[in-house]
Amino acid sequence: MKHGETDSYWGGIIKSMGLVFGDIGTSPIYTLTVIIALTKPTQDNILGIISLIVWTLIILVHLEYAVLAMSLSRKGEGGEIVLREILVRMIKPGRQMAFVTFLTYLGVALLMGDGVITPAISILSAVEGTLLIPGLGGLSQNTLILIAGTIALFLFVFQYKGTDKVARAFGPIMVLWFAALALSGAISVSSHPGILAAISPHHAISFLMHNGLPGFFVLSEVILCATGGEALYADMGHLGRKPVKRAWYFVFVALVINYLGQGAFIITHPDAKNILFGMLQYQAPLFYIPFLILTILATIIASQALISGVFSIVYQGINTRMLPLLKVDYTSNQLKSQIYIGSVNWLLLCLVILIMLVFRKSANLAAAYGFAVTGTMVITGIMMTMIFSRTTKKWKVPLALFVTLVDVVFLVSNCNKLPHGGYWSLILASVPLAVILIWTRGQRGLYLALRPLDLETYLLSYEQIYKKGRIAGTGLFFVKEWNIIPPYLVHCTIRSNIVYERNVLISIVRTDEPFGVESVLECGIGTGLDGFMIKAGYMEIFDIELLLKQNGIQEKVIFYGIEDIATTNPIWRVFSVIKKLTPNFVQFNKVPAAKLQGVITRVEM
């Protein structure tokens, strides 16, 4: 292997650790601490719990995401929306299509709700480690919340500057973090090697059989070790499948060694309350404060990765017309994935601080955490099974069914959390889900209410108006499709006689591929009437002005339609409010404001 190849090989692994594995990598801070608070720390119980953790990582993260999900992609991109795009080509319109679409909406909503709980529990659990510093054990919970809230505030405030430069440090910090986890775990295992027996799955099965219903509900806390596993698939488009997979093997080994080490520490120190921090303080008191600082940095990186992930999901949702248009800023010239959505950023900050104030302790937050994750995993499992059953990879169907069944078991165990704060997962997910459902239904309703003309009918009147006289220059008119003429265009050209020497109908079509841009100019649709189509991937960022210039279109004025919705229906009223609060099509695509003319059409719904 050449030197350059070695650099890219290790460089990809290091970057993946920083951008993809922050969430799952910080799970050891709180997972075992929460489980032990609910379970008696006998040797048999500890062996069973550690075995459950190890096999949860193997089945739900490695098998479901690293092996199965990552084999399904579109131009290297992954995630719930990509799974839907793959499935849409395989099924006919009807009930199945509606079912798949709803599953996608639900999966996206759950992931967005998860984006609130993850930063809150990660930062709060790291800050709680300060209580083990000599002299700081008396810090009040209010002080800890204030510190955690301040860290969250700084994290969100700096989002608009972009994380491009800072992201370079994320990888090395997370490499250091995983090395520290592996080292501390190995030291602890060496003092009690009997814990290695937990690798055998029979201890996990034995624990579930001997503990009955309480043992089954322990699964709702065990799932905390796998939170962030979905990032392997959702974020693989940023760095590629191979670097993410390679990094996962290192991360998996580090996590397993650390969980085994924590298990060994509990067996020898059954009274320990905060397991990871207690283990580190016992092993190396002098290095405890540096480790605590590293922990806080790791949780900030984990939160950052999740915030970027939410931005990415929202952007995909906008471009697939699942979500309303929002103001998007691009913070990096190198990385297409580096975007900033201000409205989402500030909403996340408010909700993260609210969650910290409501739950106060990371142990309480753990009661709400996990439901959204298992819900997302079940949805991924169902969609993967549907895809594999329709391809040549039918041998993967039993594996996909197996992981989906395991996902369902974890989801059922998490229902126990609903009365104890788990309902927050549903509340947080219900808001984006309601917006998605109202927006998609509203768009369909609006299209039917507008009653657009077909091109042939429009041309009969247009040709007559064009002969009478026209304005010098080029006029641009935004439409969804050339052959479907919206009412505002009829009002402009036919009723108001606003016809230019050259009239160009411009449409932007988002393809079901993640990236790629092509423009098509079709001259002579009518006399002095051309069509200009921009085809762009649903994650693609492009410059409209540049594309117009490249195709020789020197516009004098740009027209677009604005719908004024009149309705007594409460759902359509909400839809109308969303439309008014969010940017319109031309604002979203950053069309030059000086040349814009909005034409209002009153629509009754």
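Backbone N, Cα and C define each Cβ position, glycine as well.
Annotation comment: Swiss-Prot describes 18-38 (among others) as transmembrane segment, evidence class sequence analysis. Outside the transmembrane segment (18-38) by six or more residues, the chain places 49, 53, 61, 118, 121-122, 125-126, 129, 167, 169-174, 177-178, 181, 218, 221-222, 224-229, 231-232, 235-236, 238-239, 244, 247-248, 251, 255, 258-259, 262-263, 266, 272-277, 295, 298-299, 301-306, 308, 362-363, 366 with a CB less than 8 A from a CB of the stretch.
Per Swiss-Prot, transmembrane segment is recorded for 46-66 (among others).
The transmembrane segment feature in Swiss-Prot is assigned to 97-117 (among others).
Look at Swiss-Prot and you will find 138-158 (among others) tagged as transmembrane segment, backed by sequence analysis.
Summarising the annotation, Swiss-Prot assigns transmembrane segment to 169-189 (among others) and lists sequence analysis as the type of evidence.
The transmembrane segment annotation in Swiss-Prot covers 204-224 (among others) and is backed by sequence analysis.
Residues annotated as transmembrane segment in Swiss-Prot: 247-267 (among others).
Here Swiss-Prot flags 287-307 (among others) as transmembrane segment, drawing on sequence analysis.
Here Swiss-Prot flags 339-359 (among others) as transmembrane segment.
Annotated transmembrane segment per Swiss-Prot: 368-388 (among others), in sequence order, evidence recorded as sequence analysis.
Per Swiss-Prot, the feature transmembrane segment maps to 395-415 (among others); the stated evidence is sequence analysis.
Positions annotated as transmembrane segment by Swiss-Prot, on the basis of sequence analysis: 418-438 (among others). Same-chain residues lying 6+ beyond the ends of the transmembrane segment (418-438) with a Cβ under 8 Å from its Cβ atoms: 105-106, 108-110, 112-114, 116-117, 317, 322-324, 351, 355, 358-359, 364-365, 367-372, 375, 571, 574-575, 578.
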Most Cβ pairs under 8 Å to the transmembrane segment (368-388), of 138-158, 204-224, 339-359, goes to 204-224
Contact count check, CB pairs under 8 angstroms to the transmembrane segment (395-415), set 97-117, 204-224, 287-307, 339-359; argmax is 204-224
May I ask for the residues of the chain that lie six or more residues beyond the transmembrane segment (46-66) and have a Cβ under 8 Å from a Cβ within it? 24, 31-32, 35-36, 39, 195, 197-204, 206-208, 210-211, 215, 218-219, 222-223, 225-226, 229-230, 232-233, 245, 248, 252, 255-256, 259-260, 262-263, 266-267, 377, 380-381, 384, 399, 402-403, 406-407, 410
When only pairs 6 or more apart in sequence are counted, do the transmembrane segment (169-189) and the transmembrane segment (287-307) reach 3 or more Cβ pairs under 8 Å? yes
For the transmembrane segment (287-307), name the stretch out of 138-158, 247-267, 339-359 with the most CB-CB pairs under 8 Å. 138-158
Which bits of the chain, at least 6 residues beyond where the transmembrane segment (339-359) starts or stops, bring a Cβ under 8 A of a Cβ in it? 115-117, 119-120, 124, 145, 148-149, 152-153, 156, 159-160, 162, 307, 310-312, 314-315, 326-331, 365, 367-368, 421, 424, 428, 541
